[in-house]
Amino acid sequence: MAMQKIFAREILDSRGNPTVEVDLHTAKGRFRAAVPSGASTGIYEALELRDGDKSRYLGKGVLKAVEHINKTLGPALLEKKLSVVDQEKVDKFMIELDGTENKSKFGANAILGVSLAVCKAGAAEKGVPLYRHIADLAGNPDLVLPVPAFNVINGGSHAGNKLAMQEFMILPVGASSFKEAMRIGAEVYHHLKGVIKAKYGKDATNVGDEGGFAPNILENNEALELLKTAIQAAGYPDKVVIGMDVAASEFYRNGKYDLDFKSPDDPARHISGEKLGELYKSFIKNYPVVSIEDPFDQDDWATWTSFLSGVDIQIVGDDLTVTNPKRIAQAVEKKACNCLLLKVNQIGSVTESIQACKLAQSNGWGVMVSHRSGETEDTFIADLVVGLCTGQIKTGAPCRSERLAKYNQLMRIEEALGDKAVFAGRKFRNPKAK
């Protein structure tokens, strides 16, 4: 079925920054998609095109990207008369029309907006749910509901506290369904609020960009201690484990790491990658930490490799791999990590996101689907994670509607699948393992 009209507009994301929204019309109706945006971005990500006009939105407008869709990409696609079910052909056409390595001509935010809308239209054209259409595109006969990784304590570039590490997450792996995982996550979250309020006062329960709390603590193990206490208080020590996103590239300084990077710089306190690795090993030993994302800088390959060989938990590449097949291949070859963080806007199209996922999975890696800190009410990634059978998703705390939009959509999907619903649970790293 051909596209009839493609129209893009500038909307606001959850941080009050502009982003791109696309409406695509076919005979079946209107299909709308909005593009997310990150705060801590890897230097190898596809280019997010911003206007740079300081008199509008402090330079963060996206009118150029919107215009590229309305004046160039849209008309070219309509003229080409491609079918919305041919996701790969549509994406390939846009990528070739852009012609740059990192989508810098039109902007990854322009190309992705159209790509997401096409995917939604393709599902409607086939008369199947979006998650089923995505599973078909990926060649997956199965569907799996993911374990949610709730980011309940925020630090790093997401919060105004002194905490260096960016995210402390809870994963209810012992739940029997996604719906139960949501309940357990929400209950631990509420207990955590009480624990933080009692220890640090009411101000400490203000939430960060992703709905997690941002108490003004400096020591990272203090955050882990708070989680441990809340998990115990909620009564789930056997069902909930911990994940972290360190985002270490944010505090990498001249070959070393600064765990107090929000204070005035003092090279005397910078530590080596090896020393930082020892700290992580102490976390793994003392807390139920099962996953660490971006433990080192995006170009500190040697430290990644030596660390991975000495631990048996999930080590996730985000800034390291940026959902990019070339970076993933490099990480596989160097044995740098064993899980890919999948963010659709890092690579900039649905087809390339699926390819990145398949590449990681074919090399025995886990895959975790992820939101960005600047989100919208769009729920595409909820369907994506089910269709790609990755078994794990992180899309914030059970707080703030742009986060809950995804979690609630996952509950609806589980309900629609009925007794065919499979929840990843403790097999979140490899949900297809029998």
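Any Cβ shown, glycine's included, is placed from N, Cα and C.
Annotated features in Swiss-Prot:
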type: ACT_SITE; residues: Glu210; note: active site, proton donor
type: ACT_SITE; residues: Lys343; note: active site, proton acceptor
type: BINDING; residues: His158, Glu167, Glu293, Asp318, Ser370, His371, Arg372, Ser373, Lys394; note: substrate binding site
type: BINDING; residues: Asp245, Glu293, Asp318; note: Mg(2+) binding site
type: MOD_RES; residues: Ala2; note: N-acetylalanine
type: MOD_RES; residues: Thr72; note: phosphothreonine
type: MOD_RES; residues: Ser83; note: phosphoserine
type: MOD_RES; residues: Ser157; note: phosphoserine
type: MOD_RES; residues: Ser176; note: phosphoserine
type: MOD_RES; residues: Thr205; note: phosphothreonine
type: MOD_RES; residues: Thr229; note: phosphothreonine
type: MOD_RES; residues: Tyr236; note: phosphotyrosine
type: MOD_RES; residues: Ser263; note: phosphoserine
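Comparing CA positions across the binding-site residues Glu293, Asp318, Ser370, Arg372, the one lying closest to Thr205 (phosphothreonine) turns out to be Arg372. In sequence order, the recorded positions near Asp318 (Mg(2+) binding site) (Cα within 10 Å of its Cα) are Glu293, drawn from Ser157, Glu293, Arg372. The residue listed as 'active site, proton acceptor' counts 24 other C-beta atoms within 10 Å of its own C-beta, drawing on all protein chains shown. Comparing the recorded positions Ser157, Ser176, Thr205, Tyr236, Arg372 on other C-beta atoms within 10 angstroms of each C-beta gives the minimum for Ser176. Taking the Cα atom of each, Lys394 (substrate binding site) and Lys343 (active site, proton acceptor) are about 10 angstrom apart. For the pair formed by Lys343 (active site, proton acceptor) and Ala2 (N-acetylalanine), distance between Cα atoms is given as 28 Å, rounded to the nearest Å. The residues near the Mg(2+) site, meaning same-chain residues not in Asp245, Glu293, Asp318 whose C-beta sits within 8 angstroms of the mean position of the site's C-beta atoms, are Gln166, Glu167, Met244, Val246, Ala247, Ile292, Asp294, Val316, Gly317, Asp319, Leu341, Ser370, in sequence order. Following the DSSP three-state reduction, the secondary structure of Ser263 (phosphoserine) is coil. Listed in chain order, the residues near the substrate site other than His158, Glu167, Glu293, Asp318, Ser370, His371, Arg372, Ser373, Lys394 are Gly38, Asn151, Gln166, Glu210, Asp245, Leu341, Lys343, each with its Cβ within 8 Å of the site Cβ centroid. Looking at Ser176 (phosphoserine) and Arg372 (substrate binding site), their Cα atoms lie 27 Å from each other. Using a 10 Å radius centred on the Cβ of Glu293 (substrate binding site) and all shown protein chains, the other Cβ atoms total 28. Per-site Cβ counts within 10 Å over the recorded positions Ser83, Ser263, Ser370 peak at Ser370. Asp245 (Mg(2+) binding site) carries a strand DSSP state (E or B).
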